[in-house]
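Report on one structure; see the data block that follows.
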Ligand code: S3P
């Protein structure tokens, strides 16, 4: 198993470009496979999760070619998928399995089985399976349909109104995709706004969608024409570099080409309140997604609170925000973050245990956890539970800690394959063991 060893680093300096956004890369592939004609995808994220989506789509008959870092998809239209010959493997990717459950349920005559790795097979699927059953889907799975493998017999679905109990972009997207394949109208109402990339893609491709507050309405279609995508850098990957810049004394980093969709950058508002020196420069748009360059400088931070409606807008950044909180003055509180328990690992436990193991102070509280700062951190070997965001969060903590910090590194290829090189390029003390 690959490991990274990280040691205390001097100021991090320089300019870097972040790889493509994971959520948008999955969606660009899926929608291009559903559309008609060729679509070129630039700045696609070549990470394990997105490759899982690519393999599943190929198994459904879509031609996907990689030519000099650009992806060429030949979409066969929503009626052009073929029955996969083998079990579909979503690997570690919640987005793949949940969006595919929506897609596969609505492909009449196609039988499929979709599964994933140890972590994915433990994650809850009922949130997507139940509403789809209400549209007439035929889905079976372990534990009453809650855990993969899921077996799906595609049907002509019937449009329906859905009210979600968790704000989940994966569930919302699965139901909107199913809605495109269903007879009649489908609506989805979220308790609070989660990332809206699917809605932006609907708009970009001219697919039917009406938003009324937190309710989205779509209806069944015959088909649509493909368009090209140019994918912004992933804010959730940039978040680790932002943290490194804020925490390592004397640092100043320019991060180019980062997606700054308002439903993704809750971390920036929280950090600005805490006194972080982060600026957005040169804003522009690609395919309906806002993009910008960021400048981050070392900052003395106050403690902060994360709770309520902002949580879905920084859900993947909670682990790295917890590391930042170890250096912020006072008690930082993370509430309403129960969803973290059902991510790639139980991220609340992983973060609290890891911080305490490094000599910081963190505790579980009702519906979340608290971190006290500023504390000196000591290097240690950290249990990542093979979770990419836990591994990268503690690698960043290692840049501040006395001694050596060791994390497993295989999981990092799930979302940010050149993470180690990027930190090294900025002057970070990080070695592949
Ligand atoms: C994602 C949505 C989020 C996020 C995940 C990617 C997506 O999950 O945590 O990493 O691409 O739609 P939920 O929508 O389940 O909260």
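Placement of Cβ uses the backbone N, Cα and C atoms for every residue, glycine included.
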Candidates 138, 335, 341, 343, the one TrEMBL lists with 22, 23, 27, 168, 170, 316 as binding 3-phosphoshikimate: 343
For the binding-site residues 22, 27, 343, 347, 389, the one whose C-beta sees the most other C-beta atoms within 10 angstroms: 389
Shortest C-alpha distance to residue 123 (phosphoenolpyruvate binding site) - which of the binding-site residues 22, 168, 170, 343: 343
Residue 389 (phosphoenolpyruvate binding site) and residue 23 (3-phosphoshikimate binding site), Cα-Cα, nearest whole angstrom: 15
Minimum Cα separation from residue 389 (phosphoenolpyruvate binding site), reported as the residue among binding-site residues 22, 170, 316 that achieves it: 316
Whole-number Å value of the largest CA-CA distance among 22, 94, 123, 170, 347, 389, listed as phosphoenolpyruvate-binding: 19
